[in-house]
Structures are given as structure tokens and as C-alpha cells.
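Student: Here's the feature list from TrEMBL:
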type	residues	note
ACT_SITE	His531	active site, proton donor
ACT_SITE	His575	active site, proton acceptor
BINDING	Val114, Thr118, Val261	FAD binding site
DOMAIN	35-343	domain 'Glucose-methanol-choline oxidoreductase N-terminal'
DOMAIN	449-584	domain 'Glucose-methanol-choline oxidoreductase C-terminal'
Amino acid sequence: MPANRCSEEISIKATFRSKRGSMIIPLAEVTNKIYDFIVAGGGTAGCVLASRLSQNPNIKVLLIEAGGSAQGQQNTEVPFLGVTLPGSDLDWKFNSVPQAGLDGRSVPVARGQVLGGTSTINFFTWNRASNALWDKWASLTGDQEWSWKHVEKYYKMTSRLVKPADGHDTTGEIIPSAHGNGPIEVSVPGFPTELDSMVVNTSKSLGGRFAYNQDINAGKTLGFGLMQSSIGHSKRSSSATAYLAPAMNRPNLDVLINTHVTRLVRTSERHISVFRTIEVATSASGQHYQITAAKEIILSAGVIGTPQILLLSGIGPKEDLDKLNIITYVDIPDVGRNLVDHPLVPNYFSVNSDKTFDAVLRDPTIFAGKLQEWASSGQGLFVDSPGNTQGYMRLPKDAAIFERYQDPASSPESAHTEIIFVDGFGQFGEAPAPETGNFMTVLTGVVSPLSRGSVTLTSSDPFDKPAIDLGLLNSEFDIFAMVQAMKDAQSFLTAEPWSGYIKAPFGELADATTDEAKAAYARKFGVTGNHPAGTAAMSPAHAAWGVVDSKLLLKGVEGVRVVDASVFPHTPECHIQAPVYVIAERAADLIKEKYAI
Ligand SMILES: Cc1cc2nc3c(=O)[nH]c(=O)nc-3n(C[C@H](O)[C@H](O)[C@H](O)COP(=O)(O)OP(=O)(O)OC[C@H]3O[C@@H](n4cnc5c(N)ncnc54)[C@H](O)[C@@H]3O)c2cc1C
């Protein structure tokens, strides 16, 4: 198919927002333009790149996104409603393949299909990872520019602290000097729940492995404290709202929505294959078009979309591509492999309280009242995501598992497990919410898992969903760590501040009194922690493993860079959106430096 092929009568929606508002322009205008950079995937990282690269008015940027815009859509703005977005029209609605570690269950795998990508549908937690994680990346990639010392400035470019919704004094809850001055707004909870002080007081009184951490984003993630979230002025702060929206009136930035990138097209093979052309379509049966970048294609289609596009382009493990009759242009065995995800288990407790959010979810009138309170005053329950406190822990030093496994965490100060406290019955997984009673959900997670999964093609049709194996709880280490997290959570709840509050473990958790029974519970009720990463990992330029080099350039190819969660060489022992923003900020700088723009 010739490059830039198009016809007048067929148009693909491209929205270009000017000060006059939103305009739809035909694909013809896009295919006839010359862009310096084409960013494939308008998600968390993609919007950062589109925004940063188009700061230079002489540089022409095209951002291509499979989904639409959620601008002004209330359910993406209201923090409390974030949990309703997986499974909605803004989600790709993937499912995993049956997970051996979860008793053979398939679990939903949510990913944003919308401008802002998964940052438009996620649950807000803002963790930039320990300094040690970044130093680990530097050592794995052989590039000191990934060490915390060098990356700190990029973190500070991503985000800034803003007041919580209720404007309360945050002294002692956060360390302002650890934060930066970037577009993403970050705040501590603006509607404190009765759990918050119990968690903080318990950690202060217990100390040790449960110690209080005043600011999880100040270098050390271990310990318990208030959740920091990508919420500002009572609303979601995403890469679409914070990075893309302010750039939309730039004449040198075009944004193509509802458009699927189907593959990269090899344009020449000199000493190395060159891929500067991208193929797009709006449906499997529809016309396919090609658009070429003068400088680079930047793949930011995420941990699933990026390897899928690479494989469809003949870049990946030859043995897999042969099976689908896809010509292998570049044999990179690790494309789609090494997927790491954080398993998560909901532990339910019935509690002595009438203040949990359970009644709000059961009664449409109360719910509507809370929503109205958010809309009219920016106050109340709905200003926060349902979890206000979190803690990161290491396994006990003498844990028996270390006799058989090396510590997988990035340093002796990095976490193995996480605990999140939710002030009501949070429906994570299939357990139905009870019709009466008050509850607390304690989410336990493993953040240094040894299990690995993959993304593989199921066909050569770009519109077919790939096979996603999250590898949840496959490793003996991971199930050991999960059981320890469940036991740690229960120990935490026996401390004095909880006295009289916890009635009893609820549901099948009540019977999970032994390690074996806890493991069985975890396998039965475990879900994804929504943090898959690593399917196009960064590695030293000449390493046999990995997919991109430490400058994020695709190995063995000219013209392609990968910038999203798929490049993680070691997954952060925390929530991962902030590290994605850091990568994107650094990538923008690398590109600006390379092309002197
Ligand atoms: C339900 C949920 C809750 C989460 N909660 C948190 C949290 O609280 N804190 C946290 O730190 N992290 C959280 N995460 C994880 C975090 O949000 C993601 O890891 C991160 O946003 C991923 O960024 P990305 O740029 O790699 O990919 P994405 O943001 O997913 O961007 C990829 C973009 O590419 C587009 N795309 C894909 N394929 C194509 C194609 N073929 N053509 C065109 N476009 C394409 C997608 O539609 C998407 O917009 C959560 C994730 C989920 C799903």
C-alpha cells in the first residue's frame, strides 16, 4: 500500500483543539502532512511526549490514540468513581489467559482506551518508587543517567503538591521539599476517614516493620502513611488533563483519535531496518493508511499495545512470528516477554461503625447527595479514591523463603509487600458486596514478584486481542509473600487503636486461619494489582536480553523509540504511574537533545 494513501470520502476523526474549540479534520489532512514525530498511543506517556515535544513550535507532532476523549466526562473526574471505570467504555476490556496461580481463573485486565490512557481510568495512587529502584535501573542498563541522582529532576518535572480538597494543614503528613513543580497535581486525602488516624497511630506505636513513613515519595517507600494521589482541586489529574489539554491549541500538534495503529512499516533496509512509517485504520475491515515521520516513531501504546504492534510489524521472537506467517524483520526474542504484575488480594473485615461508605453504595439517594456535594462544593467523600492509607513492608529477615530464593527486591530497603486500607466493602474481584453491615477492605499485594507472564499474538489481525498472561502467583516466592502480607495485615489490626473496631474477618477469610488456607484464599480471590510492565524491557545496547537500549531506542532498528511501562527493566516495588511519567519526561529530554530541538 502506498504511503499517505487516502481518499476524499473516507475520513478518520482527528480532533484538533484550537481556541475556537474542537474541530474534526479529515484524515487526508493528516496523511498529507509531514510530522517530525509520530507518537503511537495517547496514554499516560504518550500525552507527556506530545506535550513536551510540541513545546517547540517548529516541531510537528502527531499523536494517535485508539480511543476518544473523556474531556468533561464526570466519572473520569470524580475520584471516588475511579473504581467504576475498569470494564466501562473507556477500557480495552482485556481478559487474561487462565492463571495457573489463581486456580485456573481468567481475570479482567483493564487498560485505558482513551486520551490519557490508563491515567484516565486508574485509581490515583502516586508513588515515585524508592531511590534504590532507580539505582537498580542504572545498574541493569549500565547507564548512570537512570540513577536517582540524575532522574530526580525528571520526577520534579512531573508533578507538584497541591492542598487536599478540605484545605487542612498537612504538616507532618508529607515532606514538601521532596516534591516538584510539574503539571500533575498530587495531594493527600481531602476527606479523612476514621481509618486514617487508626492506621497512622498504629504504625507510630508499633514501629519496626510497621513504622510510620511521613512521605512515601521522599526516597524510602517502606512503612505506613497517608496515600498521595494524582488528585488536585477534588478532580483527577491525568496526562490528558495536565499535559495534553494545555497543549491542544498548538498548531504544530495534531491529535488523531478513534484510530488504531496496526503496525510499523519497514521503509528501507540499509545496514539496519528503518521503520519510520506507521499504518493506521479505524476498523479491521476499513481502509488502512500510512503516515511517515521525518525523525522518529515513538511507541507509547502501553504494556500490551506496544508489544502487540511490534509483533505485528515483524519485530519479535521469530519462532512465534513464523507460526502466524508474519515475516520477521528483526528477531528480538524478548518482545512481549518478562511481563511482571503485582498480584492483589482483598481481605474483608466486618467493623463496628456506621461511617463506612457501604451505605452510600447501597442507597441511590445518599449516593446522589454525595455526588452533588462533590459537584457543588468540591467536598465530601467523593473527593478521594476509596483508599486513604497504604503501607509497604519487607518480609521478615529470617523468612524461610530466603533459603530457597534470592531477594527479588531492588535493594534491602525496597518492599516485598503492600497493604492498603479501604473504608468499606470494595468490590475487587468476584465476591459480591453484602446487602447489610459495615466493612473494611484490606488489600494485600506482592510488589516484588518473581512470577513472569507475557503478551503474545493470537492472530495476525491487529484488531484481535492478544493473549495476556499476567503470571499471577505462579512463583512459590509470590504466594509466600502474599500469605505473609495477609498475616501482617491481621497483626496490624490487633494493635490498640483498632480495639473495638474490628468485629471479625468476613466471608471465607474467617476460615483462612492457617498458611495453607490463606494461600488457598489468595488463589481463589486474587486479582491483578493493575501494574503489568516490562514487555519491551530496557537493557544495555549489546545485551542479549531486552528490547530497547537505555535511550529507549528499539534495538536493531532505526527510527523507533518505546516510551511507556513496557520498558521497565525491573518493576518498581510500588504503584507504577509516577515512574511512567518520569520515563516520559526523560525520553522527551533525550529526544530534544538528540535532535537539538
Ligand atoms: C484500573 C487501574 C488502576 C490503576 N491504579 C493505579 C494507581 O492507583 N496508581 C498507579 O501508580 N498506577 C495505577 N495503575 C497503573 C498505571 O495507571 C499504568 O501502569 C500507567 O498509566 C500505564 O501508562 P502507559 O503510558 O504505559 O500506558 P497507557 O496509559 O495504557 O497508554 C497506552 C495508550 O495507547 C493506546 N493504544 C494501545 N494500543 C494502541 C493502538 N494499537 N493504536 C492506538 N492506540 C493504542 C491506549 O488506548 C492508551 O491510551 C492502574 C491501572 C489500572 C488499569
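Note: Cβ is positioned from N, Cα and C throughout, glycine not excepted.
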Student: Averaged over the whole of the domain 'Glucose-methanol-choline oxidoreductase C-terminal' (449-584), what is the pLDDT?
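Tutor: So the average pLDDT across the domain 'Glucose-methanol-choline oxidoreductase C-terminal' (449-584) works out to 97.
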Student: Give me the CA-CA distance between the residue listed as 'active site, proton acceptor' and Val114 (FAD binding site), in Å, as a whole number.
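Tutor: Taking the Cα atoms only, the residue listed as 'active site, proton acceptor' lies 21 Å from Val114 (FAD binding site).
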Student: Out of His531, His575, which has the highest number of nearby Cβ atoms, where nearby means within 10 Å of its Cβ, if these are the active-site residues?
Tutor: His575
Student: Are there residues of the same chain, six or more positions away from Val261 (FAD binding site), whose CB falls under 8 angstroms from its CB, and which are they?
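Tutor: The list for Val261 (FAD binding site) reads Ala40, Gly41, Ile64, Ala66, Ile278, Glu279, Val280, Ala301, Gly305, Ile309, Pro462, given in order along the sequence.
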Student: Which residues does Thr118 (FAD binding site) neighbour through Cβ under 8 Å, counting only same-chain ones at least six apart?
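Tutor: Thr118 (FAD binding site) has long-range Cβ partners Gly43, Thr44, Ala110, Arg111, Gly112, Gly302, Asn530, Gln577.
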Student: Quick one: pull the CA-CA distance for His531 (active site, proton donor) versus Val114 (FAD binding site), whole Å only.
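Tutor: So the alpha carbons of His531 (active site, proton donor) and Val114 (FAD binding site) sit roughly 18 Å from each other.
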